[in-house]
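Below: one structure, written as C-alpha coordinates.
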Amino acid sequence: MKKTVFSGIQPSGTLTLGNYLGAMKHFVSLQEDYNCYFCIVDQHAITVPQDRLKLRENIRSLAALYLAVGIDPSKATLFIQSEVPAHAQLGWMMQCVSYIGELERMTQFKDKSDGKEAVSASLLTYPPLMAADILLYHTNIVPVGEDQKQHLELTRDLAERFNKKYNDIFTIPEVQIPKVGARIMSLNDPSKKMSKSNPNPKSYISMLDDEKTITKKIKSAVTDSDGIVKFDKENKPAISNLLSIYSLCKGASIEEVEAQFVGKGYGEFKESLAQVVVDTLKPIQERYEQLIQSEELDHILDQGADKANRVARKTLEKAERAMGLGRKRR
(Lines of atoms letter the chains of each structure in order from A and count residues from 1; the text may use other names and numbers.)
(Lines give C-alpha, C1' and ligand atoms only; values in the text may rest on other atoms or scores of the structure.)
Protein backbone atom coordinates (compact mmCIF):
# COMPACT_ATOMS: atom_id res chain seq x y z
CA MET A 1 0.00 0.00 0.00
CA LYS A 2 1.25 3.47 -0.93
CA LYS A 3 2.27 5.83 1.87
CA THR A 4 0.41 9.14 2.15
CA VAL A 5 1.97 12.59 1.69
CA PHE A 6 0.23 15.83 2.72
CA SER A 7 1.35 19.33 1.85
CA GLY A 8 -0.38 22.67 2.30
CA ILE A 9 0.52 26.03 0.74
CA GLN A 10 -1.04 29.36 1.71
CA PRO A 11 -2.69 31.37 -1.07
CA SER A 12 -0.93 34.59 -0.16
CA GLY A 13 0.14 35.97 -3.53
CA THR A 14 2.12 34.54 -6.42
CA LEU A 15 4.62 31.82 -5.63
CA THR A 16 8.33 32.37 -6.10
CA LEU A 17 10.96 30.40 -7.95
CA GLY A 18 12.10 29.32 -4.46
CA ASN A 19 8.66 27.78 -3.79
CA TYR A 20 8.87 25.92 -7.08
CA LEU A 21 12.43 24.60 -6.70
CA GLY A 22 12.13 23.94 -2.97
CA ALA A 23 8.70 22.33 -2.92
CA MET A 24 6.48 22.10 -5.99
CA LYS A 25 9.04 20.48 -8.31
CA HIS A 26 9.55 17.84 -5.64
CA PHE A 27 5.75 17.29 -5.39
CA VAL A 28 5.57 16.29 -9.06
CA SER A 29 7.90 13.34 -8.46
CA LEU A 30 6.23 12.45 -5.13
CA GLN A 31 2.85 11.87 -6.81
CA GLU A 32 4.33 8.94 -8.76
CA ASP A 33 5.13 6.89 -5.66
CA TYR A 34 2.82 8.22 -2.93
CA ASN A 35 -0.83 8.91 -2.26
CA CYS A 36 -0.59 12.72 -2.29
CA TYR A 37 -2.91 15.40 -0.90
CA PHE A 38 -2.08 18.96 -1.95
CA CYS A 39 -4.11 21.49 -0.02
CA ILE A 40 -4.60 25.22 -0.59
CA VAL A 41 -4.77 26.32 3.04
CA ASP A 42 -7.00 29.39 2.80
CA GLN A 43 -8.08 29.15 6.46
CA HIS A 44 -4.45 29.59 7.48
CA ALA A 45 -4.23 32.63 5.20
CA ILE A 46 -6.89 34.50 7.21
CA THR A 47 -4.79 34.45 10.40
CA VAL A 48 -3.71 37.85 9.04
CA PRO A 49 -6.09 40.40 7.41
CA GLN A 50 -6.94 39.62 3.77
CA ASP A 51 -8.77 41.47 1.03
CA ARG A 52 -11.76 39.27 0.11
CA LEU A 53 -11.43 39.57 -3.68
CA LYS A 54 -7.64 39.27 -3.64
CA LEU A 55 -7.83 36.12 -1.50
CA ARG A 56 -10.26 34.50 -3.96
CA GLU A 57 -7.95 35.43 -6.82
CA ASN A 58 -4.93 34.00 -4.99
CA ILE A 59 -6.73 30.72 -4.25
CA ARG A 60 -7.57 30.21 -7.91
CA SER A 61 -4.10 31.27 -9.04
CA LEU A 62 -2.41 28.82 -6.67
CA ALA A 63 -4.65 25.96 -7.85
CA ALA A 64 -3.76 26.74 -11.47
CA LEU A 65 -0.03 26.84 -10.59
CA TYR A 66 -0.17 23.45 -8.85
CA LEU A 67 -1.57 21.93 -12.04
CA ALA A 68 0.69 23.94 -14.35
CA VAL A 69 3.86 22.59 -12.69
CA GLY A 70 2.66 19.04 -13.33
CA ILE A 71 0.40 17.92 -10.47
CA ASP A 72 -1.85 15.30 -12.07
CA PRO A 73 -5.41 15.09 -10.63
CA SER A 74 -5.61 11.42 -11.64
CA LYS A 75 -2.62 10.68 -9.37
CA ALA A 76 -2.97 13.29 -6.59
CA THR A 77 -5.77 15.09 -4.74
CA LEU A 78 -5.78 18.88 -5.08
CA PHE A 79 -8.33 20.75 -2.95
CA ILE A 80 -9.14 23.91 -1.00
CA GLN A 81 -9.01 23.63 2.81
CA SER A 82 -12.23 25.59 3.51
CA GLU A 83 -14.18 23.26 1.18
CA VAL A 84 -13.52 20.38 3.60
CA PRO A 85 -15.24 21.33 6.91
CA ALA A 86 -13.49 18.54 8.83
CA HIS A 87 -10.29 20.65 8.89
CA ALA A 88 -11.79 23.37 11.10
CA GLN A 89 -13.70 20.80 13.17
CA LEU A 90 -10.66 18.66 13.96
CA GLY A 91 -8.64 21.87 14.37
CA TRP A 92 -10.83 22.75 17.37
CA MET A 93 -10.40 19.26 18.82
CA MET A 94 -6.63 19.59 18.44
CA GLN A 95 -6.75 22.92 20.31
CA CYS A 96 -8.43 21.05 23.15
CA VAL A 97 -5.39 18.78 23.54
CA SER A 98 -2.88 21.65 23.09
CA TYR A 99 -1.32 23.70 25.89
CA ILE A 100 -1.00 27.50 25.75
CA GLY A 101 2.66 27.25 26.80
CA GLU A 102 3.69 25.04 23.89
CA LEU A 103 1.81 27.26 21.41
CA GLU A 104 3.48 30.41 22.77
CA ARG A 105 6.88 28.75 22.34
CA MET A 106 6.40 28.39 18.58
CA THR A 107 9.07 30.51 16.85
CA GLN A 108 6.67 31.71 14.13
CA PHE A 109 4.19 32.96 16.74
CA LYS A 110 6.99 34.84 18.53
CA ASP A 111 8.21 36.37 15.25
CA LYS A 112 4.80 37.39 13.94
CA SER A 113 3.49 38.75 17.25
CA ASP A 114 6.71 40.53 18.24
CA GLY A 115 6.10 44.21 19.00
CA LYS A 116 2.42 44.09 18.02
CA GLU A 117 -0.26 45.39 20.37
CA ALA A 118 -3.18 43.38 19.00
CA VAL A 119 -2.43 39.82 17.92
CA SER A 120 -5.10 37.56 16.43
CA ALA A 121 -5.87 34.46 18.54
CA SER A 122 -5.66 32.44 15.32
CA LEU A 123 -1.96 33.25 15.08
CA LEU A 124 -1.51 31.34 18.33
CA THR A 125 -3.83 28.46 17.38
CA TYR A 126 -2.44 28.08 13.84
CA PRO A 127 -0.40 24.93 14.73
CA PRO A 128 -3.37 22.84 16.00
CA LEU A 129 -5.20 23.56 12.71
CA MET A 130 -2.06 22.57 10.81
CA ALA A 131 -1.98 19.36 12.86
CA ALA A 132 -5.60 18.67 11.90
CA ASP A 133 -4.80 19.24 8.20
CA ILE A 134 -2.13 16.56 8.36
CA LEU A 135 -3.78 14.03 10.67
CA LEU A 136 -7.11 13.85 8.80
CA TYR A 137 -5.50 11.90 5.94
CA HIS A 138 -3.42 9.42 7.98
CA THR A 139 -0.36 11.16 6.58
CA ASN A 140 2.94 9.30 6.75
CA ILE A 141 5.22 11.99 5.30
CA VAL A 142 5.08 15.80 5.33
CA PRO A 143 7.62 17.52 3.05
CA VAL A 144 8.42 20.90 4.64
CA GLY A 145 11.08 23.58 4.80
CA GLU A 146 13.19 24.08 7.95
CA ASP A 147 10.87 26.91 9.07
CA GLN A 148 7.93 24.50 9.53
CA LYS A 149 9.86 21.74 11.30
CA GLN A 150 8.85 22.95 14.78
CA HIS A 151 5.14 22.91 13.83
CA LEU A 152 5.54 19.36 12.55
CA GLU A 153 7.10 18.25 15.82
CA LEU A 154 4.09 19.73 17.63
CA THR A 155 1.76 17.83 15.25
CA ARG A 156 3.49 14.60 16.25
CA ASP A 157 3.19 15.51 19.95
CA LEU A 158 -0.53 16.29 19.64
CA ALA A 159 -1.22 13.07 17.72
CA GLU A 160 0.64 11.00 20.31
CA ARG A 161 -1.12 12.82 23.17
CA PHE A 162 -4.55 12.22 21.61
CA ASN A 163 -3.81 8.56 20.86
CA LYS A 164 -2.63 7.97 24.42
CA LYS A 165 -5.58 9.73 26.05
CA TYR A 166 -8.42 8.51 23.84
CA ASN A 167 -7.56 5.88 21.30
CA ASP A 168 -5.07 5.12 18.55
CA ILE A 169 -6.87 7.18 15.92
CA PHE A 170 -4.03 9.06 14.23
CA THR A 171 -0.99 8.02 12.21
CA ILE A 172 2.16 9.75 13.50
CA PRO A 173 3.66 11.63 10.52
CA GLU A 174 7.34 11.85 9.62
CA VAL A 175 9.03 15.11 8.60
CA GLN A 176 10.84 15.19 5.27
CA ILE A 177 13.12 18.14 4.50
CA PRO A 178 14.39 18.06 0.89
CA LYS A 179 18.21 18.17 0.79
CA VAL A 180 18.75 20.57 -2.10
CA GLY A 181 16.43 23.42 -2.92
CA ALA A 182 14.75 23.40 0.46
CA ARG A 183 15.99 26.95 0.90
CA ILE A 184 16.51 29.16 -2.13
CA MET A 185 17.69 32.48 -0.76
CA SER A 186 16.85 36.11 -1.55
CA LEU A 187 18.58 37.60 -4.62
CA ASN A 188 19.65 40.73 -2.73
CA ASP A 189 20.40 39.19 0.68
CA PRO A 190 21.59 35.55 0.69
CA SER A 191 21.14 35.33 4.48
CA LYS A 192 17.33 35.46 4.03
CA LYS A 193 15.00 32.96 2.37
CA MET A 194 13.51 33.99 -0.99
CA SER A 195 10.02 35.14 -0.07
CA LYS A 196 7.10 36.90 -1.73
CA SER A 197 6.50 38.78 1.52
CA ASN A 198 9.78 40.69 1.04
CA PRO A 199 8.84 44.33 0.26
CA ASN A 200 11.62 44.52 -2.35
CA PRO A 201 10.39 42.74 -5.53
CA LYS A 202 14.00 42.49 -6.78
CA SER A 203 14.70 40.00 -3.98
CA TYR A 204 12.61 37.22 -5.52
CA ILE A 205 11.54 35.82 -8.89
CA SER A 206 7.81 35.23 -9.15
CA MET A 207 6.68 32.13 -11.04
CA LEU A 208 4.65 34.46 -13.26
CA ASP A 209 7.40 37.04 -13.98
CA ASP A 210 7.98 37.68 -17.70
CA GLU A 211 11.32 37.21 -19.47
CA LYS A 212 12.35 40.87 -19.24
CA THR A 213 11.63 41.03 -15.48
CA ILE A 214 13.48 37.78 -14.77
CA THR A 215 16.57 38.95 -16.70
CA LYS A 216 16.54 42.31 -14.92
CA LYS A 217 16.24 40.72 -11.45
CA ILE A 218 19.04 38.22 -12.05
CA LYS A 219 21.33 40.92 -13.46
CA SER A 220 20.79 43.01 -10.32
CA ALA A 221 21.30 40.04 -7.93
CA VAL A 222 24.10 40.61 -5.41
CA THR A 223 27.39 38.73 -5.85
CA ASP A 224 30.89 39.29 -4.42
CA SER A 225 34.07 40.93 -5.65
CA ASP A 226 36.29 37.98 -6.63
CA GLY A 227 34.49 37.16 -9.91
CA ILE A 228 34.92 33.35 -9.72
CA VAL A 229 31.84 31.15 -10.29
CA LYS A 230 32.39 28.70 -7.44
CA PHE A 231 30.10 27.11 -4.84
CA ASP A 232 31.17 28.06 -1.31
CA LYS A 233 28.23 28.63 1.04
CA GLU A 234 30.36 30.08 3.83
CA ASN A 235 32.47 32.59 1.91
CA LYS A 236 30.39 33.09 -1.26
CA PRO A 237 26.73 32.74 -0.18
CA ALA A 238 25.27 34.91 -2.96
CA ILE A 239 26.98 33.10 -5.86
CA SER A 240 26.32 29.74 -4.17
CA ASN A 241 22.60 30.59 -4.12
CA LEU A 242 22.63 31.48 -7.84
CA LEU A 243 24.52 28.24 -8.58
CA SER A 244 21.86 26.26 -6.68
CA ILE A 245 19.14 27.90 -8.79
CA TYR A 246 21.05 27.09 -12.01
CA SER A 247 21.69 23.49 -10.93
CA LEU A 248 18.05 22.82 -9.97
CA CYS A 249 16.56 24.46 -13.07
CA LYS A 250 18.96 22.74 -15.44
CA GLY A 251 19.01 19.36 -13.69
CA ALA A 252 22.83 19.48 -13.61
CA SER A 253 25.14 19.00 -10.63
CA ILE A 254 26.81 22.02 -8.99
CA GLU A 255 30.20 20.66 -10.21
CA GLU A 256 28.96 20.51 -13.82
CA VAL A 257 27.75 24.12 -13.64
CA GLU A 258 31.05 25.27 -12.07
CA ALA A 259 32.99 23.51 -14.86
CA GLN A 260 30.85 25.27 -17.48
CA PHE A 261 31.90 28.69 -16.18
CA VAL A 262 35.61 28.18 -15.47
CA GLY A 263 37.41 31.36 -16.55
CA LYS A 264 34.13 33.17 -17.16
CA GLY A 265 32.85 36.11 -15.15
CA TYR A 266 29.64 36.83 -13.29
CA GLY A 267 28.14 38.79 -16.22
CA GLU A 268 28.22 35.76 -18.52
CA PHE A 269 27.04 33.45 -15.73
CA LYS A 270 24.05 35.69 -14.90
CA GLU A 271 23.09 35.97 -18.58
CA SER A 272 23.06 32.20 -18.91
CA LEU A 273 21.21 31.78 -15.58
CA ALA A 274 18.47 34.20 -16.69
CA GLN A 275 17.89 32.11 -19.83
CA VAL A 276 17.79 28.86 -17.83
CA VAL A 277 15.17 30.32 -15.44
CA VAL A 278 13.07 31.68 -18.33
CA ASP A 279 13.17 28.26 -20.06
CA THR A 280 12.08 26.59 -16.81
CA LEU A 281 9.13 28.89 -16.13
CA LYS A 282 7.84 29.44 -19.68
CA PRO A 283 5.96 26.11 -20.13
CA ILE A 284 4.51 26.49 -16.61
CA GLN A 285 3.26 29.99 -17.43
CA GLU A 286 1.71 28.82 -20.72
CA ARG A 287 -0.22 26.02 -18.99
CA TYR A 288 -1.24 28.44 -16.21
CA GLU A 289 -2.81 30.81 -18.75
CA GLN A 290 -4.84 27.94 -20.24
CA LEU A 291 -6.13 26.93 -16.80
CA ILE A 292 -6.74 30.13 -14.85
CA GLN A 293 -10.22 30.97 -16.22
CA SER A 294 -11.18 27.45 -17.32
CA GLU A 295 -14.04 25.22 -16.22
CA GLU A 296 -11.48 22.40 -16.14
CA LEU A 297 -9.89 24.02 -13.07
CA ASP A 298 -13.23 24.16 -11.23
CA HIS A 299 -13.99 20.56 -12.16
CA ILE A 300 -10.62 19.38 -10.79
CA LEU A 301 -11.13 21.32 -7.52
CA ASP A 302 -14.67 19.92 -7.13
CA GLN A 303 -13.37 16.38 -7.59
CA GLY A 304 -10.52 17.01 -5.15
CA ALA A 305 -12.89 18.38 -2.48
CA ASP A 306 -15.21 15.36 -2.89
CA LYS A 307 -12.36 12.89 -2.42
CA ALA A 308 -10.80 14.81 0.49
CA ASN A 309 -14.20 15.13 2.21
CA ARG A 310 -14.80 11.37 2.04
CA VAL A 311 -11.46 10.53 3.65
CA ALA A 312 -11.44 13.40 6.19
CA ARG A 313 -15.01 12.74 7.35
CA LYS A 314 -14.14 9.13 8.29
CA THR A 315 -11.15 10.22 10.40
CA LEU A 316 -13.16 13.01 12.04
CA GLU A 317 -15.98 10.63 13.01
CA LYS A 318 -13.48 8.23 14.62
CA ALA A 319 -11.91 11.09 16.59
CA GLU A 320 -15.34 12.40 17.67
CA ARG A 321 -16.38 8.93 18.86
CA ALA A 322 -13.12 8.58 20.78
CA MET A 323 -13.73 11.92 22.54
CA GLY A 324 -17.41 11.21 23.17
CA LEU A 325 -18.79 13.99 20.96
CA GLY A 326 -22.31 13.91 19.54
CA ARG A 327 -24.71 10.98 19.91
CA LYS A 328 -23.98 7.29 19.80
CA ARG A 329 -25.20 5.86 16.53
CA ARG A 330 -25.85 2.26 15.66
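Cβ from N, Cα, C; glycine included.
Worth saying up front: this structure is predicted, and the values here are computed from it rather than measured.
If you look up Swiss-Prot, you'll see Gln10, Pro11, Ser12, Gly18, Asn19, Gly145, Glu146, Asp147, Ile184, Lys193, Met194, Ser195, Lys196, Ser197 marked as ATP binding site. Annotated L-tryptophan binding site per Swiss-Prot: Asp133, in sequence order. Sequence annotations record features per position, and here Swiss-Prot assigns motif ''HIGH' region' to 11-19. Under the heading motif ''KMSKS' region', Swiss-Prot lists 193-197.
Spacing of Lys196 (ATP binding site) relative to Asp133 (L-tryptophan binding site) is 23 Å (Cα to Cα, whole number). When pLDDT is averaged over the motif ''HIGH' region' (11-19), the result is 89. DSSP assignment over the motif ''HIGH' region' (11-19) gives 3 helix, 1 strand, 5 coil. Following the DSSP three-state reduction, the secondary structure of Ile184 (ATP binding site) is coil. Counting only same-chain residues at least 6 apart in sequence, those with a Cβ under 8 Å from the Cβ of Met194 (ATP binding site) are Thr16, Leu17, Gly18, Ile184, Met185, Ser186, Leu187, Ser203, Tyr204, Ile205.
The Cβ of Glu146 (ATP binding site) has 10 neighbouring Cβ atoms from other residues within 10 Å, across all protein chains displayed. Sequence-distant contacts of Asn19 (ATP binding site), defined as residues of its own chain at least six apart whose C-beta falls under 8 angstroms from its C-beta, comprise Ile9, Lys196, Met207. Residues listed for ATP, Gln10, Pro11, Ser12, Gly18, Asn19, Gly145, Glu146, Asp147, Ile184, Lys193, Met194, Ser195, Lys196, Ser197, cover a largest CA to CA span of 20 Å. If you look at the motif ''KMSKS' region' (193-197), the same-chain residues 6 or more away from its ends with a CB under 8 A from one of its CBs are 12-19, 145, 147, 183-187, 203-206.
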